[in-house]
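Feature annotations, reproduced from Swiss-Prot:
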| type | residues | note |
| --- | --- | --- |
| BINDING | Cys107, His109, Cys125, His128 | [2Fe-2S] cluster binding site |
| DISULFID | Cys112-Cys127 | disulfide bond |
| DOMAIN | 65-161 | domain 'Rieske' |
| TRANSMEM | 20-42 | transmembrane segment |
Amino acid sequence: MTQLSSNDVPSMGRRQFMNLLTFGTATGVALGALYPVANYFMPLRAGGGGGGTSAKDELGNPVTKTGWLASHQAGDRSLVQGLKGDPTYLIVNSEGEIGEFGLNAICTHLGCVVPWDSGANKFICPCHGSQYDTNGKVVRGPAPLSLALAHVDVDDDAVLVKQWSETDFRTNENPWWA
């Protein structure tokens with residue numbers, strides 16, 4: 001075997017070593033601090049491989065079909081956390097089952113949350129008086145558009161909310177929110 005001469009072996013001085021160590025430590029700390037920030041802006045999708053977002057109740061717990069139907073009667077419209085965290089109405093239909101669609105509760109006028117008025121049997125916006133029928137179709141302005149629709153599916157008792165991209169059955173037009 002041949003020996004390398006001292007001219008062929010690179011040497012690292014003390015200053016160069018300390019600079020490398022300082023840079024490595026600072027980089028590690030910066031990446032460690034950025035990890036939670038990145039997770040905040042890119043959260044994992046809930047719901048699994050079938051797509052959709054798990055509907056969550058007011059405490060942030062996933063909504064189950066059996067639990068929801070045990071506490072809600074036919075005709076009930078109650079809020080859950082749906083797509084993108086928006087308030088979304090789950091509808092219990094006349095057969096006592098969770099409906100196939102949900103309604104985004106954000107008013108299309110100025111973005112207020114629109115409550116369900118069971119006495120008037122419609123959604124009435126408290127901000128400027130816009131009114132929507134039982135299916136979320138605007139019946140009185142100033143809101144220019146109907147409430148956005150979302151698919152509601154039940155997968156193994158879990159209630160999932162999915163993006164609605166088909167024709168809006170209330171207006172027979174392409175959805176404005178897609």
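Backbone N, Cα and C atoms are what each Cβ position is placed from, and that goes for glycine too.
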Using the structure shown, find which entry in His109, His128 (the binding-site residues) has the sparsest Cβ neighbourhood within 10 Å. His128
What same-chain residues, at least 6 away in sequence, bring their CB to under 8 Å of the CB of Cys112 (disulfide bond)? Ile106, Cys125, Pro126, Cys127, His128
Candidates Cys107, Cys125, Cys127 (recorded positions); min other-Cβ count within 10 Å returns Cys127
Mean pLDDT for the domain 'Rieske' (65-161), rounded to an integer? 88
Compute the mean position of the Cβ atoms of Cys107, His109, Cys125, His128, which form the recorded [2Fe-2S] cluster site, and then list in sequence order the other residues of that chain whose Cβ is within 8 Å of it. Thr108, Leu110, Cys112, Val114, Cys127, Gly129, Ser130, Pro142, Ala143
Helix, strand or coil: which one is His109 ([2Fe-2S] cluster binding site) in, per DSSP? coil
